[in-house]
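What TrEMBL records for this protein:
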- Pro32, Asn33, Gly34, Ser35, Gly36, Lys37, Ser38, Asn39: ATP binding site (BINDING)
- 219-302: coiled coil (COILED)
- 339-432: coiled coil (COILED)
- 623-664: coiled coil (COILED)
- 711-812: coiled coil (COILED)
- 882-923: coiled coil (COILED)
- 473-589: domain 'SMC hinge' (DOMAIN)
Amino acid sequence: MKIERLFLQGFKSFGERTSLEFGPGVYGIVGPNGSGKSNLVEALRWVVGARAKELRGDEAQALLFHGSDGRPPLGFAEVGLELGGNGKRISLSRRLERDGSSEIRLNSARSTLRQVEQALMGTGLSRSGYAIVGQGEVGQILQAGPEVLLAYLEEAAGLRAVTQASKATQERLQAATLELQTRTQELAERKAIISEKAQQAEAARQAAALAARTLLLRRSVLAARIREAEQEVNSAQQKAQTLEREQAETTQRLQAIEKEKGQALEALEAAQNAHSEALRQAEALSGELKLVEQERASLEGLLRRIAGEIGEGETRLIRLRSLQAPIAPADAPPTPAALQSLQQQLKELQAAIQNEENQIRSAQKAYERFLQAQATYEAQKASFEQMLAQRAALEADQARLEAERTALQAQLSEAQLRESTLRSRLNELVRQEGQASSEARAARSEAGRLEALLRSGADLAEGPKRARASGIPGLMGVVADLIEVPAGLELAVEVALGARMQWVLCEDERAAQAAVQYLKQQGGRATFLPRTLLKPPRARHERLPWTETPGVVGVARHLVQLPLCPEALPTLLGETLVLEHLEAALALVRQHPDHPRIVTLEGELLETSGAITGGRLQKGGQMLALRRRFHDTQSEAARLEAQALALAAQAEQLRAELASLNLTQLQRRQTELDSELKAVRTSLARLPALGGQAQPPQPPEPVLPPNPQRLEALRSEREALGAQLAQQREAEVRWQRYREDQARYATAQNEIAELEARLQHLRGEQAELGQRLAALQSRKDALERDRAQLSLGHLEERLRAARGRTRALSEEETRLIARTNALLSDLEALHLTQARREATIETLQQELSALPPGPIEEGSSRSLARLLAETEAALEALGPVNHLAEQEYALLSEDIARLEVALQESEAAVRKLEAELHQVASAYQERMQQVYGVFKEKFAQYAGALLDAEVELERSTQGLELILKPAGKRTVNLNLLSMGERTMGALAFLFALSEVGEESSGLPIAVLDEVDAPLDEANIQRFCRFLQHFKNQTQFILVTHQKRTMEACDALYGVTTEKGVSRVYSIKREEALA
């Protein structure tokens, strides 16, 4: 199909109605910048489905013509497009009003963007197509994501319909799955509610028992508190009497203490005076005694020094007198020549011993080397034998480990293959479980929100809402909550019911009367319909065959259900008929003048009087639709939760099966075997180095031990010569000591005479000092006798006794005063307590009298209050009580039966859609496999011709991966290509797409807006050659400024602007090129 005509009016700068005619070949649109050329391309994009934000506009009103000099703005924008070819024609128009409303028409009929996109499939003009390339967009084609490139290929191959069918099937499958989950959840909730209703009845019985128990405990607590308060009053009176007696005794004792305290103070003053006088005298005697003591200590020190000198002198004199005259030695003194001869002989003998010791050490070392060689030989021999045994053991271990590792590798490979299979299944189950859980939480949250909205009664008037929440026995509920309406009839039934939607159904007129009285007290107004006052319907029109009349859906009360009170349907809906549309209703009215009340599916209402009510409803059908959506959402949430639990159980089974594979233990055992085998091989490799030579070791040559006899003879001779030399030296020492003793003896005789004179002088001085010390001792004894006569100890004891007596009396007085004050305070507190308890008794008696009379339980007020609090808490924990639980249980049983049937239908629908989805996917893969090879070949061919570039294409999970490498360049990053290279590559991509159609008829339409702007002269020539090559199969509409491109066009349109209004002219190509 090709574009035949494009017309527009009020779109952007085109204030006047403008029409452009197109045919086969190449059409160019030229004109200065800002004239409105690109607005024509955007008009074409807008009419096929583009949004305002895609057309350089923030909002839809930006597309309207806003006026210019002398020309007012238009209130609408309209663009039309006509296409034809291959025996088909498409007429498409899109109109936008200034108030924001819009209209799309396809072949003169109102349509939607989805229908337009389906009609344009295969032309490349759809929103996801590639036929229209806007200004600056051609270079971005190759930079688009893999998924966009794949969408272009799908559009060209005619697979867009298959893709959309797959998407539609997927959406239907998701909707069906969601509906299945909703119904499953709703069924589970209904089953949970049934058990809850049984619990509510038991809660009502418990509430009655707890209320009676609460009243009994309240009376008992008040009686116990009165009894305890009376006991406290009696106790306070007894304590007050005891305290008053103690106060009188304390006052008498205080008076006696005051007299005793005066006498004690007088005795204390006399004792203090006597003690002070004796203390003064004692201090004077102590001073004199101190001086005598100091002088005596000085004399004693001097006597000790003299006695010490005398003792030392006498000791030295005795030692000197004990010295005797020295005696000469008996042997003759040795000569120096004899001593020198002995020393020379000893030195020569020592040299001979040293030489012999060196020889013996050399022999000993040789013998020790022999012993070491012998030990080494023994060790090498044992090591050689051990090496042979170890090699045999290691070779056996190596063979055993290699066999075990081979078996383990086979077992591990099998376990890894099984683990990979189980892991992929587990990942898929975990993903499905997460998705199901997420959808279940969303559905449960939505159900909770809808339930809260319905419970709040936001869509009900104040009267019905309060009546529903009153809990009055006999009230069945509001009609909107009780009626069950099939899908699609919500608006019609809600209009037919009108205000009756909020009527309150009740069992009898007594319940209605109680509810009316309740609303008078609480506020609000409602209409009540008692079951006992219902009248049988008058079947005035039921004999007529309404169901055979065209456009009639049925009688309204036969289309809906009211399980709690089906006999109320004639009263609520009467004989109202439901018709498909207003035209059918008017035809029925004209055919049957005596028609019943009529309502259409779109909400129009025809009264029997002929009055017609219709128009736009602000919230029509919302009350019933909201309740249907709540039930559907509950079912969906229950279904999703059950599915998530089932998937979780399957995943847990797979995890258990994975754990049972013991893959970790097998891998650990394989690692252990590899390590053991490596160690065995390493040990085998090292065995020759550890074992030494390959042949057994040879024993060493034998060596004799050294002979020490000659050394011992030389050492004996040395010892004898040394003893002789020592005797000569000892004789010389004795003669030297004799000469020194003679000199010391002469010196001692002189020192004896001097010591005897010094000792005589010291003994005279010692006698004189002894006489002075005896006189000082007599004076000290006299002073101590005088101080003892003063009796200071007796006086101090007397003073301490007086002070203690005074202190004790003061402390007792203070204690008694404090006790008196405490007694006064306690008495005042007791009187106050007594008054308060008496007031409390009066208050408690008033509270007890306000309660109904009855039995009283014995016990303390604290224990009874605790029991009362526990009972009240238990009563409060029960919450409100539902007295309609049994009736609600029957309704829930019917709902469960209905939901189980619906659940089976949903499961069948899901299975059917899954099969359809698999069939569509298979068809897509088969067709895509066919066209991919053709496109890859053509793209490489055109890229080489236009750009001299290499192309690499690859299909991935994300889409179509593209790599373009121009000749002479290494780069494969499309962002690093020049604008001209990206443009030529994109044109090659577009031309290649034309070869993959179902009939390979080429790209039908190509609208290119200034794609040649970044091209140089050589590339423009290549571009124009391709235009001429493809123009027989492709219709080109080009917006250009290049003269070379204009030369390639078969026809040209010129665009100019005058006073802000764009105009289009058909011009000759020669004029445009001039």
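Using N, Cα and C of the backbone, Cβ positions are placed for all residues, glycine too.
Just so you know, TrEMBL annotations never went through curation; they're auto-generated.
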Please spell out the DSSP helix, strand and coil residue counts for the domain 'SMC hinge' (473-589).
57 helix, 19 strand, 41 coil
With contact taken as 3 or more Cβ pairs under 8 angstroms (pairs 6 or more apart in sequence), are the coiled coil (219-302) and the coiled coil (623-664) in contact?
no
If you count other C-beta atoms within 10 angstroms, which of the binding-site residues Pro32, Gly34, Gly36 is the most crowded?
Gly36
Cβ-Cβ neighbours of Asn33 (ATP binding site) (radius 10 Å):
7
Using a 10 Å cut-off, grab the number of neighbouring Cβ atoms around the Cβ of Lys37 (ATP binding site), all chains included.
23
If you run the three-state DSSP split on Ser35 (ATP binding site), which class comes out?
coil
Show, in sequence order, which residues other than Pro32, Asn33, Gly34, Ser35, Gly36, Lys37, Ser38, Asn39 on the same chain lie with their Cβ within 8 Å of the centre of the Cβ atoms of the ATP site.
Ser13, Gly31, Val1055, Thr1057, Ser1062
